[in-house]
Amino acid sequence: MRTLFVGDLHLSADRPDITQAFLEFLDTQLHDTDALYILGDLFEVWVGDDIAEPFVNQLVDAIKHASEKLPVYFIHGNRDFLIGEAFAKRCGMTLLPEVYSLDLYGVSTVILHGDSLCTLDKSYQRFRAFRNQGWAKWLYAHLPKSKRLGIAAKLRAKSQSSNQQKSYTIMDVEPDAVMDLLDATQTQQMIHGHTHRPDIHQLAHGKRRIVVGDWYEQGSMLSVSQDGVELIELPFGK
């Protein structure tokens with residue numbers, strides 16, 4: 001048996017190929033699997049459970065079907081932090097806190113989306129702190145739908161523009177932040193996404209950091225079992 005992790009799919013109506021690949025993943029890859037964890041940014045943008053493009057309904061049905069076979073867990077990303085209990089219930093998913101610790105086949109593990117670890121990106125961290133305020137979420141959720149969609153479009157454009165000007169180092173996780181979280185959670189292993197830089201990093205004191213891949217050019221999943229960990233590429237259309 002194994003546990004699977006995916007993240008950073010950035011599903012949208014503009015990329016039906018990614019949606020189809022994820023549907024195929026749900027249909028073919030969940031055999032001999034104890035649980036599926038989605039580590040955020042399942043969608044390119046999510047402005048509220050009351051707004052969903054038509055393609056989302058097919059995803060809801062597929063995730064719900066998967067959840068009838070095994071537990072499906074979700075941690076919010078920076079693109080879909082407004083996914084709420086209503087949508088999760090439709091999918092049969094369990095929403096997890098921003099940072100979650102678990103035992104994976106005898107290895108103490110902490111999982112998260114990963115954006116909180118990019119502490120050198122000061123401007124983003126300031127925005128993130130504002131965005132996570134309860135009053136800010138409430139205010140945004142009560143704006144007209146057209147207003148929310150407009151704000152989301154402007155934020156995406158601003159993010160793309162600013163990221164082009166930021167260095168590789170600033171946009172990656174900060175090593176001290178990684179070790180601080182491992183120490184705070186008393187865990188040996190960390191699994192996250194966000195950076196789109198899949199890899200398995202061996203750290204000091206026998207600890208390990210694993211980054212799941214994005215789904216822009218191909219699918220990607222992390223398989224964890226009693227035998228170890230494996231990052232697996234999932235080419236589209238195969």
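Glycine residues also receive a Cβ, built from the backbone N, Cα and C atoms like all the rest.
The Mn(2+) 1 binding site annotation in Swiss-Prot covers D8, H10, D41, H196. Using a 10 Å Cβ-Cβ cutoff, H196 (Mn(2+) 1 binding site) registers 18 neighbours.
The Mn(2+) 2 binding site annotation in Swiss-Prot covers D41, N78, H113, H194 and rests on sequence analysis. Taking Cβ-Cβ distances under 8 Å and a sequence separation of 6 or more, the neighbours of H113 (Mn(2+) 2 binding site) in its chain are G7, L39, G40, D41, I75, H76, G77, N78, E98, H192, G193, H194. DSSP assigns H113 (Mn(2+) 2 binding site) to coil in the three-state reduction, placing it in neither a helix nor a strand.
The Cβ of R79 (substrate binding site) lies under 8 Å from the Cβ of H10, G40, D41, F43, E44, V45, W46, each of which sits 6+ residues away along the same chain. Residues annotated as substrate binding site in Swiss-Prot, with sequence analysis given as evidence: N78, R79, D121, S159, N163, K166, H194.
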*Rounded to the nearest Å, what's the C-alpha distance separating D121 (substrate binding site) and H196 (Mn(2+) 1 binding site)? Just drop the number here, would you?*
16
*Using all protein chains in view, find how many other C-beta atoms are within 10 Å of the C-beta of D8 (Mn(2+) 1 binding site).*
25
